[in-house]
Protein chains: 2
Amino acid sequence: MQILLTNDDGIYAPGIAALKQNIQDLGHVTVVAPDVEQSGVGHSITFSHPLRIREAHLDNEFIGYSVNGSPADCVKLAIYEAMKNKPDVVISGINMGTNVGIHILYSGTVAAAVEAAIMGYPSIAISFEISGRYDDIHSAAKVARDIIKRIITHKLPKGSLLNVNIPSIPPDQIKGIKVTRQFAHDFKENFEKRIDPGGKAYYWLLGTDKRLHREEETDIHAVNEGYISITPLLYDLTDYTMQKKILDWDWKGIVS
Amino acid sequence: MQILLTNDDGIYAPGIAALKQNIQDLGHVTVVAPDVEQSGVGHSITFSHPLRIREAHLDNEFIGYSVNGSPADCVKLAIYEAMKNKPDVVISGINMGTNVGIHILYSGTVAAAVEAAIMGYPSIAISFEISGRYDDIHSAAKVARDIIKRIITHKLPKGSLLNVNIPSIPPDQIKGIKVTRQFAHDFKENFEKRIDPGGKAYYWLLGTDKRLHREEETDIHAVNEGYISITPLLYDLTDYTMQKKILDWDWKGIVS
């Protein structure tokens, strides 16, 4: 089993190290990850500057390849150039912080998995809630490993993507697994306006209190309730309901 | 009618200027756009540094507000902070280059419209093909204006997003409008490997020849055939078919 492992927190982040350590027994793991943190980059790709792949070491030990690009760049470059054997599964994470609701759209972690899915590989994005309650990434990685193993057993189809979010509570207190859908509403994230010493305004984006969102069967609700959420994601954004509706609109006379 | 106009090519790009000029008669246009080009940033948001809004001028004339962030940042900041009246419609473009197929996922132009849709506004993303055949942005802007006017007439529902792509041919040769779906396959974009003067490898991402993709009813096919494509897009990425499937998988025994 060939496993490509990436993330958006960068190759030296604790989440990817913990996950790598825990999935060694599942197959041959190749790490190709951004050289620096890429959180919030969304599904960006790099065509304005050339990409480089470098061997990365930690404590004199080879840990994988770093790329001066986005998580999606890493997946593309890993599969086209860095890996001798094509991956059987692509895993992205563990991200520090959930990727639920519309944050899925901003997430480099999910974007890496989407890129893999587009390229036809089964992929899994894994994120771990940061809540201040419990932050042991090593026990989260053990849970992640068991989920990955189960997914592999069930043979995730090519081009499928599962977005996994683990709540920040001790594993023995996690209530179970819920297959969920994306919470698809605005988080109403606002800005904090501040004035700099020169008298000019600047704005910090403020996070949302995710515990406020209580819509049943959604990813965010499952995690809030102490469950692991697993949401399958698509990269076809077409709104088929709306498509049928606007087909009936009068489009005549705009051009010839 | 309050119109928020943004883009990802930056506030000084010719596409946004041409569109602004052509939609003045449709309502009051407020421009809030990135201070520099943001192509390929996808749906990125900025929380690692503070954002600033500055008045932008061209030839001593006020043209709008520039933001040191992504297109999605511009929409958020415009609506929360910069605009006195909330927009009735948010328009992103005109982008130089189509945003079709999986390129929709990488597109800052589309991301701005998605952000607006999430916030509950009707939104329109507009892109103009670059093919070398025909590049008159002013006539494309006239066509875009007519499409926008028609969409406004039909009252695009709140939170809906239409992704419009205009082929690079003279308006009188455009064959018409097609309501399409996203071409949801890999473009198989590869890398060109080069060696720097120091003997080290670097990689340039290569574009795809979009004319090769011939799947009927898709955005890319419509534009290739000389039609304007209009694809409604969703920001709920849940794969509901797959969701039903994995509900039957055995998830027992992973955690308590």
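Using N, Cα and C of the backbone, Cβ positions are placed for all residues, glycine too.
Taken from TrEMBL as is:
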{"type": "DOMAIN", "residues": "A:3-188", "note": "domain 'Survival protein SurE-like phosphatase/nucleotidase'"}
{"type": "BINDING", "residues": "A:Asp8, A:Asp9, A:Ser39, A:Asn95", "note": "divalent metal cation binding site"}
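Here the features listed in TrEMBL are painted onto the structure.
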{"residue": "A:Asp8", "record": "divalent metal cation binding site", "CB count, 10 Å": "32"}
{"residue": "A:Asp9", "record": "divalent metal cation binding site", "CB count, 10 Å": "23"}
{"residue": "A:Ser39", "record": "divalent metal cation binding site", "CB count, 10 Å": "22"}
{"residue": "A:Asn95", "record": "divalent metal cation binding site", "CB count, 10 Å": "27"}
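On the 0 to 100 pLDDT scale, the domain 'Survival protein SurE-like phosphatase/nucleotidase' (A:3-188) averages 94 in this prediction. The DSSP secondary structure for A:Asn95 (divalent metal cation binding site) is strand. Other than A:Asp8, A:Asp9, A:Ser39, A:Asn95, the residues of this chain whose Cβ falls within 8 Å of the Cβ centroid of the divalent metal cation site are, in sequence order, A:Asn7, A:Gly10, A:Ala13, A:Gly15, A:Glu37, A:Gln38, A:Pro71, A:Met96, A:Gly97, A:Ser107, A:Gly108, A:Thr109.
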